[in-house]
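**Q** Got a structure here, written out as structure tokens. Questions coming.
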Amino acid sequence: MSCCKVPVLIEAQVEMGSVNELEHKSLFRQEDDAAQTKEASLMEQGSLSTSFPQHTPKSPKNSVLNSIKIVIFCNKLNLLLPFGPLAILVHYMIDSKRWVFLLTLVGITPLAERLGYATEQLACYTGPTVGGLLNATFGNVTELIISIFALKNGMIRVVQLTLLGSILSNMLLVLGCAFFCGGLVFYQKDQVFDKGTATVNSGLLLMAVMGILFPAVLHYTHSEVHAGSSELALSRFSSCIMLIAYAAYLFFQLKSQSNSYSPLDEETNQNEETSAEDEDPEISKWEAIIWLSILTAWVSLLSGYLVDAIEGASVSWNIPISFISVILLPIVGNAAEHAGAIMFAMKDKLDLSLGVAIGSSIQISMFAVPFCVVIGWMMGQQMDLNFQLFETAMLFITVIVVAFFLQEGTSNYFKGLMLILCYLIVAASFFVHEDPPQDGI
């Protein structure tokens, strides 16, 4: 009797198992059908794409303490931040110009880097084109603030040399380091960037050279119609034209060529999509804006002390003011561009590296320089575009060299090394160059 019950029980269990299995499968089939229906509706609305899925950045919700921890305490370079307040204390207690200059220079370095970080975080919410322009803009805030303070103090020559040094530093040192580091990471191939964008950028740099070259030629050929005033009038007219050209360039980048900062290769796009999770912002959009405001205000405060100590530091160390203005100040001010351009190059995003380095040079030459001429005009300062013969020739040769390096649309570590060595020649030239005495210094 018991032997007859066993097969019956086994058969009943098998039937129950098959029923459960069928129910389980039907539930999964319903979930799959619901998921497919939802995905189809989203694709009809245009929020999903089968060929190019879009990655929307997740905005983190940080507390005040977490935001301070991320921006201030998570970067080892911020160990140099106390040098800023220390410079202010030294200014009021000892009044040693060389120590104030050195401490302020060191204290501004992490601020420039953090400005670049906050700009990159903000760029995550704006897209690649506006992001590239933001990187170039806030990367030059330090030099622009220093220039305005120097212009306010009547140090016209310091303004000219600082802006010139920033252009040279971006084109040779920043771009050279990006090419060199990117070439070492991808040493088995040549990195590729958009040749068309590089050609447009080279043309804009040559236009800037034209605007700076002609007032110097007019001065040294003694061919002015009205001695002493024609050169200034030409500089102010050319500055207005350059500002109009830069505004047209911004419109061209933002409207007509919205993908100019985006890599053109599909394979690069796929690599970016796979690493999109690593590029989610660490702070929210409003946190980035607030931090940009705080850092800019702190840089402005330290820049005033830095400008006041330039002359004293030059005399104490027996270093030409031209070397301090052209080499030392831009290296500190370009810390953000340095970090950003190298990081992008090591990720094989060379178009973004060019957008930061060359875009920054364009912004200084086509916007910051003529802007300072116009601001000086309003202040009653005779700021002009005559950068003197030695400096103008240095800028002209640099633009020609960089244009030749960009014409192929490829880069490697050898090209980067050549640009870095060119910058060393420029630095040595300004170290032995004695700037003629000017009324603005």
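Placed from the backbone N, Cα and C atoms, the Cβ positions cover glycine too.
These came from TrEMBL, pasted as-is:
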| type | residues | note |
| --- | --- | --- |
| TRANSMEM | 77-94 | transmembrane segment |
| DOMAIN | 99-254 | domain 'Sodium/calcium exchanger membrane region' |
| TRANSMEM | 100-117 | transmembrane segment |
| TRANSMEM | 129-151 | transmembrane segment |
| TRANSMEM | 163-187 | transmembrane segment |
| TRANSMEM | 199-221 | transmembrane segment |
| TRANSMEM | 233-252 | transmembrane segment |
| TRANSMEM | 288-307 | transmembrane segment |
| DOMAIN | 289-430 | domain 'Sodium/calcium exchanger membrane region' |
| TRANSMEM | 319-345 | transmembrane segment |
| TRANSMEM | 352-379 | transmembrane segment |
| TRANSMEM | 385-406 | transmembrane segment |
| TRANSMEM | 413-432 | transmembrane segment |
**Q** Ranking 163-187, 352-379, 413-432 by the number of C-beta pairs under 8 Å to the transmembrane segment (233-252), which range is first?
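**A** The stretch with the most close Cβ contacts to the transmembrane segment (233-252) is 352-379.
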**Q** At a C-beta cut-off of under 8 Å, are there same-chain residues at least 6 beyond the transmembrane segment (288-307) that contact it? List them, or none.
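**A** Long-range Cβ neighbours of the transmembrane segment (288-307): 67, 71, 84, 87-88, 91, 100-101, 104-105, 107-108, 111-112, 114-115, 118-119, 121-122, 125, 138, 141-142, 145-146, 149-150, 153, 155, 158, 281, 329.
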**Q** Which of 77-94, 163-187, 199-221, 385-406, 413-432 shares the most C-beta pairs under 8 angstroms with the transmembrane segment (352-379)?
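**A** Answer is 163-187, with the largest number of Cβ pairs below 8 Å.
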**Q** Going along the chain, which residues at least six beyond the ends of the transmembrane segment (77-94) come within the CB cut-off of under 8 Å?
**A** 100, 103-104, 106-111, 113-114, 298, 302, 305, 308-309
**Q** Would the transmembrane segment (413-432) count as touching the transmembrane segment (199-221), i.e. at least 3 C-beta pairs under 8 angstroms with sequence separation of 6+?
**A** no
**Q** DSSP helix, strand and coil counts for the domain 'Sodium/calcium exchanger membrane region' (289-430)?
**A** 119 helix, 2 strand, 21 coil
**Q** Please indicate, using numbers and ranges, the residues of the same chain that are 6 or more beyond the transmembrane segment (163-187) and have a C-beta under 8 Å from a C-beta there.
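**A** Tertiary neighbours of the transmembrane segment (163-187) are 140, 143, 147, 205, 325-327, 329-331, 333-334, 337-338, 341-342, 344-346, 348, 350, 353-354, 356-358, 360-361, 364-365, 368-369, 372, 387, 391, 394-395, 398-399, 402, 411-420, 422-423, 426.
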